[in-house]
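Chemist: Taken from TrEMBL, the feature Na(+) binding site applies to G60, A62, V63, N67, S314, L411, D414, S415. Feature annotation from TrEMBL assigns disulfide bond to C165-C174. Feature annotation from TrEMBL assigns transmembrane segment to 54-72, 84-105, 126-153, 229-249, 258-284, 304-328, 340-365, 402-428, 440-465, 471-495, 516-539, 551-575.
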Amino acid sequence: MERTELKDDSSGEMTVFIPSETKNLKDQDSCVKFSDEKEDEEDEREHWTRGLDFILSLIGYAVGVSNLWRFPYLALRNGGGAFLIPYFFFLFMCGIPLFYLEVCLGQFSGISSMFVWKLCPAFKGIGYGMVIVSGMACIYYNAVLSWVIYYLINSFYPDLPWASCDHWWNTKCCVDRRVQGNQTDNTTESIFTQTAQCNDTSKLKTAAEEFWQYNVLRKSTGLDDFGEIQVHSAMCLLAAWILVCLCLVKGVKSLGKVVYVTALLPYLLLTIFLIRGLMLPGALEGIRFYVTPDFEKLKSLTVWVEACVQVFYSLGPAWGGLITMASFNKFNNKCFRDVMIASMADGLTSFYGGFVIFAVVGFMAKESNVSVSEVATQGPGLALVAYPEAIARLPVPQLWSVLFFIMLLSLGLDSQFGMFETVVAGLIDAFPRQLKKKRVWLTFGIAMISFTVSLPVATNAGIYVFTLLDWFVAAFCVMVTSLIECIVIAWIYGVDRFCEDIEMMIGRKPNYFMQTCWAVITPIIMLVAFIFTCVKYTLPVYDKYIFPLHANIIGFIISFLPLLPIPLCMAYVIYHRGGSFSQRLCSSFQPDADWGPAPKHLRDEYQLKLEKHRHRPHWFIALFKRIKL
């Protein structure tokens, strides 16, 4: 090894000779530093290309097919226009605060819903539960998309197959309402002939209803008779999963482009349908029936709870999708503006969609010589039976049918994106080095596994499987999770600390109204809604089919499955902490050392500030102090 020599030159300055090995070490250090910087760049989380991408993704996530087939029916059943009073009350008191809380949580941490709960390690199970419930919902929700795709394909036939009773799936009890709506002496005789061929008039069904029951579903007698996998259902289900994969194959980069179509196209089509619907005879009667206020209904607690539940499930907090999508935001994004735009868009879209639906329902009622209440239904029956039947009576029905089912497909895809991305992003955050560069394969792999698991929905008993999952998956766990979420943020982590985090992001704290909602109002509302839901809960029924006992037991197990990680993770975290039990308990409710803002250059300063909170009173002591104040 060469020695370092010091030599005086003629100028009087000292020249330093550095050994070659030392130079090499310096070069290596610089290479290591460059390598670390490069690695940090690779590990940096991707962001939305534009702020509008995120807003449209939020709108698409919140606005789904239920806005068209559930909200109008609830408004009709619960006071018409008067239903808007409790709906918008709970939107501002419950929906927007929860929406804003999750968006802030995701944007501040830059982490998906699975790992964002490092802010309170004892409740890490919340993140796992969110991924589980989103994964289960993805599996059965794509069944809706598969039905829509099948209807869309059939919309290109010269004659719409749900318009008449002369197909292989039709029975002797099929009634063509197009004939019934234009009664003359001859057609009255025709209807009498149709009815006479049916041995049981209680089994009379319209052509659209028989297409749904005996062609699309080809349903069996119940869960005890699964039958076979229906090729048409399985292929449409596969097509739905491929669509989801193609839209999410590059994460937010591809999703940010897709939402410009899937989020905006439904509004254009809704407007076209509204204009066309208003031209139909009986449309104004349907709309009048929809918006006529019945303020007496507001005296019922049921109306208020149903409004609260509709707001909650429509906006979609506690599923993990909001946290995940917000985690791709830039740290200083003005997220409150985005939250207000998306949440108001959801509420107003529901109301706007009601005009579109009931304009057509009023037309159907007039054509069929029945009241609007007899035609109005909820759930898939409205979107896949009543509306297609009305479309069959319009001029150029194929055009309107194609437009309608493209609109439903766009609405359904947007909601599916948020849930599926929650699962994918959660796994990538769990194994970043192994999976981040293999996102394409991971996306298709999860989709194919989900497709395989969801094949029972494509059997003859598929509608019963779908109903059971739809009834139980989010029955209890989502409400419980949102309640725990509020308690953790407001009382354990601390609403004051959370507001400081938000101030670090956007430059100002949330107002006192929002803080009060997080700490008191929203948790109380969610608790009351949960208790009322449990008390009034009814077992699932589909088309008068009563599910067997073992099916309901499986359903309840499914409903509580996403909640299991919460106590299990809490026990695991407390057990693996050091010190006495009380020390373990206290440390389990304090943020992990790696918790902090998404930008790495802010972490050191944040950790110093976090240390000041390490010796704060235990959470229940703080709780009692707050109550005393």
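A Cβ is built for glycine as well, from the same backbone N, Cα and C atoms used for every other residue.
Relative to the rest of the structure, where do these features sit?
Modeler: Here D414 (Na(+) binding site) comes close to S57, I59, G60, Y61, V63, G64, V259, T262, A263: these same-chain residues lie at least six apart in sequence, with C-beta atoms under 8 angstroms from its C-beta.
Using a 10 Å radius centred on the Cβ of C174 (disulfide bond) and all shown protein chains, the other Cβ atoms total 24.
Panel annotation: around the transmembrane segment (126-153), residues 65, 112-117, 216, 232-233, 236-237, 239-241, 243-244, 318-321, 323, 380, 384, 388, 401-402, 405-406, 408-409, 412-413, 415-416, 419-420, 422-423, 426, 450-451, 453-454, 457-458, 462, 465-466, 469-470, 473-474, 477-478, 481, 484-485, 488, 558, 561-566, 569 of the same chain, lying at least six beyond its termini, place a Cβ under 8 Å from a Cβ of the stretch.
Within its own chain, the transmembrane segment (258-284) is flanked in space by residues 53, 56-57, 59-60, 63, 247, 349, 352-353, 355-356, 359-360, 362-367, 394, 400, 403-404, 406-407, 410-411, 413-414, 417, which lie at least six positions past its ends and keep a Cβ under 8 Å from the stretch.
If one looks beyond the transmembrane segment (304-328) by at least 6 residues along the same chain, the residues whose Cβ comes under 8 Å of a Cβ in the stretch are 45-48, 54, 57-58, 61-64, 66-67, 70-71, 74, 78, 83, 86-87, 89-91, 94-95, 98-99, 101-107, 109-114, 116, 127, 130-131, 133-134, 137, 251-252, 298, 335, 343, 346-347, 350, 415, 418-419, 421-422, 425-426, 474, 478-479, 481-482, 485, 525-526, 528-529, 532-533, 536, 598.
Long-range contacts of the transmembrane segment (402-428) within its own chain (CB-CB distance under 8 A, at least 6 residues past either end) are made by residues 57, 59-61, 63-65, 67-68, 112-115, 127, 130-131, 134-135, 137-138, 141-142, 144-145, 148-149, 151-152, 155-156, 243-244, 247-248, 251, 255, 258-259, 261-263, 265-266, 269-270, 272-273, 316, 319-325, 327, 383, 387-388, 391, 435-436, 439, 442-443, 446-447.
Long-range Cβ contacts of the transmembrane segment (471-495) within its own chain (Cβ-Cβ under 8 Å, at least 6 residues beyond either end) map to 98, 101-102, 105, 117, 119-120, 123, 126, 129-130, 133, 136-137, 140, 312-313, 317-319, 515, 518-519, 522-523, 526-527, 529-530, 533-534, 537, 540, 555-556, 558-563, 566, 589, 591, 613, 616, 619, 622-623, 626.
Sequence-remote contacts of a segment are chain residues at least 6 beyond its ends whose Cβ falls under 8 Å from one of its Cβ atoms, and for the transmembrane segment (516-539) they are 90, 93-94, 97-98, 101, 301-302, 305, 308-309, 312, 475-476, 479-480, 482-483, 486-487, 489-491, 495, 498, 546-547, 552, 626.
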Chemist: Among all protein chains shown, how many Cβ atoms are found within 10 Å of the Cβ of V63 (Na(+) binding site), not counting that one?
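Modeler: I get 28 for this one.
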Chemist: Does S415 (Na(+) binding site) have same-chain partners at least 6 apart in sequence with Cβ under 8 Å from its own Cβ, and which are they?
Modeler: G60, Y61, V63, G64, V65, Y141, G316
Chemist: Which are the residues of the chain, G60, A62, V63, N67, S314, L411, D414, S415 excluded, whose CB is within 8 A of where the CB atoms of the Na(+) site average out, their centroid?
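Modeler: So the extra residues in range turn out to be I59, Y61, G64, V65, S66, D346, T349.
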Chemist: Within a 10 Å radius of its Cβ, which of these recorded positions (A62, C165, L411) has the fewest neighbouring Cβ atoms?
Modeler: C165
Chemist: Cα-Cα, whole number of Å: N67 (Na(+) binding site) versus C174 (disulfide bond)?
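Modeler: Rounded to the nearest whole number, the Cα-Cα distance is 30 Å.
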Chemist: Residues of the same chain, at least six outside the transmembrane segment (551-575), with any C-beta under 8 angstroms of its C-beta?
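Modeler: Same-chain residues near the transmembrane segment (551-575) but 6 or more away: 121-126, 128-130, 132-133, 136, 223, 464, 468-469, 471-477, 480-481, 484, 539-540, 581, 584-585, 588.
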